[in-house]
Amino acid sequence: KPQLVASNDRFCRFLEEYCPVVTETYYPTIWCWEGRVQTLLRPFITSRPQVQYRNELIKTADGGQISLDWFDNNDSSYYPDASTRPTVLLLPGLTGTSKESYILHMIHQSETLGYRCVVFNNRGIAGEELLTPRTYCAANTEDLEAVIHHVHSLHPSAPFMAAGVSMGGMLLLNYLGKTGRDTPLMAAAIFSAGWNVFESVESLEKPLNWLLFNYYLTTCLQSSISRHRQMLEKLFDMDLVMKARTVREFDKQFTSVMFGYRSIDDYYEDASPCRKLKSVGIPVLCLNSVDDVFSPAHAIPVETAKQNANVALVLTSCGGHIGFLEGIWPRKCTYMDRVFKQFVQAVFEHGNKIFSM
């Protein structure tokens, strides 16, 4: 069974009643129980539900643009009135977009419940052009704030929550830690967040993890900016950036410099959600596996979570990073998908029972 960490008895009872998956025994797929195997195989094993998006480009205060992919769910029989149709904002991982399988599965789960989804694609990675020499990072929440304000302004009467995966979860937590209760979001779900960036990069620099994940992630980051090289060369030594062989080296030469940090340590300190968890002011459910090499078990802020009545952690012993595969042939639905579906439905349909906490 997962470990449920929450100091608020009412929140615990709410989850047990309306999101019972968090108290059920999780049986990982027997032939890929190890965390790294789960992490590597999920993108190849899980299906890719067909989703028809409507794209919207919105302008930012600094002259940039953000690409949003909408799944309007206009055929919703549960919520035929678009003005009050519940809306879920989805935040993909480090170099992820609306095309990731885990995002498609979240939209598929939301579609069956009648909800609308909108995917926040970070600047420059969803095919749109960079209009300014700026991309994104886990610590800077300005673009996310702009997106949340924009979505809420379009549908002010619609119930509104968000779900973030990996770096998307870190960004969402950092936003919530900054805003407290001052947000139009009712609640949030966080999956496989890296809680302490120092511990995450150290884990990813261990020889096997570097070989399996770190080098690949670094090349993905480099690929995501290489298309915008002409724009970015105005501010960066792109030859040096493209020589990075670890995420830490990339962040040292590029990310921390772009956002004006004095050092990479200052950036990693600011990007670590564990520092802001105590300030979260709305109900948040966070799912992590303790065998996730991207977020080591000893860095999960269990004691801090116990000090905030708005926070619940669900910790599984297996599942890897955005893995959570279950069943003999885990193609259609994962444990993470079931947690997402039940929690989102619980918030939208029974949320009044926790909002008086």
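Easy rule for this one: first residue shown is 1, then count along the chain.
Just so it is clear, glycine is given a Cβ too, placed from its N, Cα and C backbone atoms.
Keep in mind that TrEMBL annotations are predicted by a computer and have not been checked by a curator.
Taken verbatim from TrEMBL:
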DOMAIN    86-327  domain 'AB hydrolase-1'
ACT_SITE  SER166  active site, charge relay system
ACT_SITE  ASP292  active site, charge relay system
ACT_SITE  HIS321  active site, charge relay system
Between HIS321 (active site, charge relay system) and ASP292 (active site, charge relay system): CA-CA distance (Å): 5
Cα-Cα distance linking SER166 (active site, charge relay system) and HIS321 (active site, charge relay system), given in Å to the nearest integer: 8
HIS321 (active site, charge relay system), number of other Cβ atoms within 10 Å: 25
Average model confidence [pLDDT] within the domain 'AB hydrolase-1' (86-327): 97
Most Cβ neighbours inside 10 Å, all chains, among the active-site residues SER166, ASP292: ASP292
